[in-house]
Structure formats: structure tokens, C-alpha cells
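For reference, the structure is listed below as C-alpha cells.
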Amino acid sequence: MDFLNSSDQNLTSEELLNRMPSKILVSLTLSGLALMTTTINSLVIAAIIVTRKLHHPANYLICSLAVTDFLVAVLVMPFSIVYIVRESWIMGQVVCDIWLSVDITCCTCSILHLSAIALDRYRAITDAVEYARKRTPKHAGIMITIVWIISVFISMPPLFWRHQGTSRDDECIIKHDHIVSTIYSTFGAFYIPLALILILYYKIYRAAKTLYHKRQASRIAKEEVNGQVLLESGEKSTKSVSTSYVLEKSLSDPSTDFDKIHSTVRSLRSEFKHEKSWRRQKISGTRERKAATTLGLILGAFVICWLPFFVKELVVNVCDKCKISEEMSNFLAWLGYLNSLINPLIYTIFNEDFKKAFQKLVRCR
């Protein structure tokens, strides 16, 4: 996104020399982040394209997100690095307009993709049967197209207002002199998608938790109706033990109290039932914790990366007396860019199919 920079023309040669190590460090660090973002998103895109098992409408949204984040890495980050290191814009206003357009559009599109993915997952859980019919490649394509169209509509007005004021040739920024422009762009690009994502993921977690409990209760109810409360292996084992035990007793001692024998068998079954119930509770608890962890990572990364930047954009541009340093402004912008590196990691790291696809790509199989 846009941020302020100052010219270094007034600095002496000695001052520039003293600042050189820090500039080199910043340049290498940011270049490393850009390279990592490019590589990881490329892997996600390649994995989805070449792996037939990943050809699913839900993964098309992931692929489109990866394409968007890839564009941020190759079209936005490099220009930003040059701008930060040089401390002035040297590529002319035409390139500046193109860079700002791509910057705002791609960053907005990346955020809106997260909303689309949240909506897709919400419908897949809460309306599984009906949505399974609608969840087609065409449907995914329509969602992706809508996301890009909305992103363009959100990003274009700030660029139009940019040309209403005068800009120096050595700077490439959007001056938010219009409060309406600031509110429109920040709420459209972040605050509204954030509210939507928070609501959807809260409902997803509640729905998933309820679904686990219903399935668990349904399995137990079915087994109790059938008179079975054991795992298949445990059931066979118990039948074998109880049958041989009864047969042995009946042959060796005709006066055996069979009520006691059946009591022993019931006791064994009760123990297996308790063990099975405990195992299921453990599995259910593990699933819920995993779901909570995944959702927590998704929301946490998104909020940590983008919230500071958009708070700054809203406060600084609405409040005339509020100022922020150039270094902090740059840091907040790159904290937002960092989300393009984190996105492919979070959305694929918990998926075994993606892990296997990555391994095949790395091994060139």
C-alpha cells in the first residue's frame, strides 16, 4: 500500500556512507521476504495445477489467492524496496500510477479472497448437502471474478482523487485529502471484510463443534439400539472370551452359576464401552482443538498483519494533527505485505494432500 518517503538529496556524502549498512540490511531483508513470498505462492499454484487430487472448487479459491499474493511479491514488493532504499521515487509518475494501482488492487484482492474462502467454508459446513451441488468450478470462477471486480472498484477512486492534488516527481503516494476517500477505501478494503471474516469463522467454529457432538451422539445411539457398545475388534474379542469361558465352565462344572458368568461378560463389555467413549471424546477434543488452532492462526495472522496499517491510514488521514514517522509507515506497509507470505502457509500446512504435492514438486516427481 502507499506510504510516505523523503528525499535524500540534502544528505551529505558522509551521512549517506554511515547509513549504507542499514540500507543494505533493509534491502537484503525485504528482498528475502519478497523471494520467499514468490517461491511459496509459486509452489501452491504449481501443486494445484499438476495434482489431480487438488482439483477441487475450494482449492481454486486457494489458487486464486496464491496468484494474488504472487503478484504482490513480483509487482509490488520490488518497487517498494527501491523506493525505501533510495528514499525517493525515480521511475516517473506513469510507473508510479501503475505501481499504486497494482499495489492497492492486489492487496485489497488478497484480503477479499480471505472473505470469499471464509464464506465458502461456512456454506460447506452449514449447508453441506445443498452447497455440494452448487460448489462447482464455475461457481468458484464466479466468486473469484466478483472478488477481482470489487477490488478494482475499491482501489480506483483513491487513484482518481490522487490526481486532484499536485504530486512531486520524487514521491509516489496517495494523499488522502478527502475524508470520504479515506473512509471508502479503508472500510471497503479492510474493515468490512474483517467484520465478515470474524462473523463467518465464529459461526464456522460453532457449527463444526455442534456437528462433532451430533455425530458422536448419533454413533453412540446407533450402537446402543443394536445392543453393541464395543469397537469391532473389542466386540469379537469379548464374544470369543465369553463363549469359551461359558463353554469351559459348562463342561467342567454342570452346576455353574451362569448368572455370574453373564455378569462377568457384562462387566467386560462395560469396560470396553467406557474405553471407547473415552477414545471418542479424545478424538473429538483433538479435532476441536485443531479447528480452533487453524481458525486462530488464520484470524491472528490477518489481524496482526493488516490491522495496524489500516488503523494508521484511518487515523493519520482523518486527524490533521496526527503524524507518523517514515520508518513506522514503511514498517506497517510491509507488515501488511507479509500476509501474502503467511497466507499460503496457513491454508496448506494442515492439508495432507498439499503436503504430499509439495514433496513431489520438490523431488521433481
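Cβ from N, Cα, C; glycine included.
Matching 108-112, 243-247, 343-347, 358-362 against Swiss-Prot, the residues noted as motif 'NPxxY motif' span 343-347.
Looking up Cys96 in Swiss-Prot gives a disulphide bond whose other cysteine, out of Cys172, Cys305, Cys319, is Cys172. Topological domains recorded in Swiss-Prot put Arg133 on the same membrane side as Lys355.
In this chain, the transmembrane segment (97-119) lies apart from the transmembrane segment (25-49): fewer than three C-beta pairs between them fall below 8 angstroms, excluding pairs fewer than 6 positions apart. Cβ neighbour count within 10 Å across all protein chains ranks Cys107 highest among the recorded positions Cys96, Cys107. The stretches the transmembrane segment (60-81) and the transmembrane segment (328-350) meet in space: the count of Cβ pairs below 8 angstroms, excluding pairs fewer than 6 apart in sequence, reaches at least three.
Within the same chain, residues 1-5, 30, 33, 36-37, 40-41, 43-44, 47, 62, 65-66, 68-69, 72-73, 76-77, 80, 84, 107, 110, 114, 117, 290, 294, 297-298, 301-302, 304-306, 308-309, 312, 358 sit at least 6 positions outside the transmembrane segment (328-350) and bring their C-beta atoms closer than 8 Å to a C-beta of that stretch. Taken as a whole, the topological domain 'Extracellular' (1-24) shows an average pLDDT of 61 in this prediction.
Local packing around the Cβ, expressed as the count of other Cβ atoms within 10 angstroms, is greatest for Cys172 among the recorded positions Asp103, Cys172.
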